[in-house]
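Per Swiss-Prot, the features are as follows:
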- Phe75, Ile76, Ile77, Ile78, His79, Arg146, Thr346: substrate binding site (BINDING)
- His332: heme binding site (BINDING)
Amino acid sequence: MSGCQFNQPYCPRSEEKKSIAESIEKATLMEPSIDAQSAQKGVYYGSYLKLDELLNIQECESVKVGAPAHEEMLFIIIHQTYELWFKQMIHEIDSIRSIMSTPPTPERLNGVIVNRLGRITEIQKLLVDQISILETMTSVDFLEFRNLLVPASGFQSVQFRMIENKLGILPNTRVQYQQHHYHSFFNEKDRKALQATENEVSLLQLVIQWLERNPFLYYKGYDFWSSYKSAVDQILENDLQRIQANNDLSQDMKDQSTKEAKKNMESFSTLFDEVAYNERLEKGEVRLSYKALQSAILIYLYKDEPIFHTPFLILNLLTEIDELLTMWRFRHTMMVQRIIGAKIGTGGSSGYHYLRTTVGDRYKIFLDLFNISSYLIPKNTLPQLPKVVKEQMDFAWSIL
């Protein structure tokens with residue numbers, strides 16, 4: 001089998017293979033071996049899962065005050081279940097960050113990353129669907145015990161805030177909660193935990209570094225960006241010519257179509273202006289570095305090349321995580337409006353009105369990956385890859 005690794009600028013020579021194999025072995029997260037003697041002792045289901053503790057930690061406030069509310073048990077279990085799944089998501093995110101934090105990431109482990117990102121998205125789908133269960137509780141049912149929850153709030157889910165931080169949300173992009181920094185609503189222990197996650201290298205930062213290592217942006221005389229720009233320029237010019245040559249269009253329609261085509265040209269001209277792009281980067285309007293953006297566009301355009309199969313899946317799953325986070329926020333917002341209307345939240349926030357501000361691009365971590373669709377071109381217009389590049393992107397099997 002021949003071909004370069006995606007995130008390595010060279011193919012390993014024979015004398016390097018041993019060290020690479022050793023690094024892969026170290027990076028692979030191996031399960032600990034099970035001692036034969038301990039295995040013979042056996043494990044009891046309830047003891048292993050700590051069910052005695054788990055099933056006895058649902059303490060209803062309504063019971064404590066002598067006015068049991070049937071729906072409070074559902075409310076507690078739903079939120080405890082959310083926190084368990086949040087813990088699993090953090091476990092997966094941390095493992096992915098660990099793999100990507102020691103470059104170059106071995107190709108073998110890219111499959112592990114895909115698997116774990118996929119697991120995160122499946123958990124997220126479950127979290128979105130779980131809202132439907134909570135919605136079986138009516139507004140009147142909730143009012144039976146709602147006042148007993150003050151001043152607790154779902155905003156205080158430290159694990160959810162940790163997930164946001166670990167993925168790459170920045171503190172200054174958050175909508176202020178009751179005009180205060182979000183740290184203000186957590187106890188000292190949780191504040192320290194949140195601050196620690198803010199100081200960690202986020203998944204977004206690691207993805208940017210990973211993209212920047214793409215060796216095929218410039219490879220043995222091949223300049224992807226120059227080739228791509230030439231193709232785009234030709235497409236835009238052809239669009240203008242087709243509009244002018246179309247006699248079925250009225251002059252007004254031609255003028256409108258020409259205006260749209262020129263607007264498209266302006267969008268691409270901004271893309272090809274590195275100085276202008278970096279100014280946007282400084283302002284926080286974009287998050288990907290210019291080189292990382294180029295790399296992502298290359299992967300999206302040539303996703304059918306074997307070397308880019310897995311990187312494309314990784315990028316696609318990252319956008320899916322963002323999409324599902326937005327879906328969860330939206331469903332949560334609609335549920336809150338449905339159950340409490342415009343009432344003030346138990347934590348003192350504006351409730352529905354605050355939650356509505358969190359549904360949008362402001363909270364998307366991988367927004368730049370979504371916007372790449374604006375810069376993709378049809379397959380039949382893609383510049384042909386030079387033979388030397390295509391050979392290195394390919395995987396070839398042969399029997400000696």
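Each residue, glycine too, has its Cβ placed from N, Cα and C.
What Swiss-Prot annotates, mapped onto the structure for a quick look.
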residue	record	Cβ contacts under 8 Å, 6 or more apart
Phe75	substrate binding site	Leu134, Met137, Phe142, Phe145
Ile76	substrate binding site	Gln58, Glu59, Cys60
Ile77	substrate binding site	Gln58
Ile78	substrate binding site	Gln130, Ile133, Leu134
His79	substrate binding site	Gly154
His332	heme binding site	Ile131, Gly154, Leu355
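Its own atom aside, the Cβ of Arg146 (substrate binding site) has 18 Cβ atoms within 10 angstroms in the protein chains shown.
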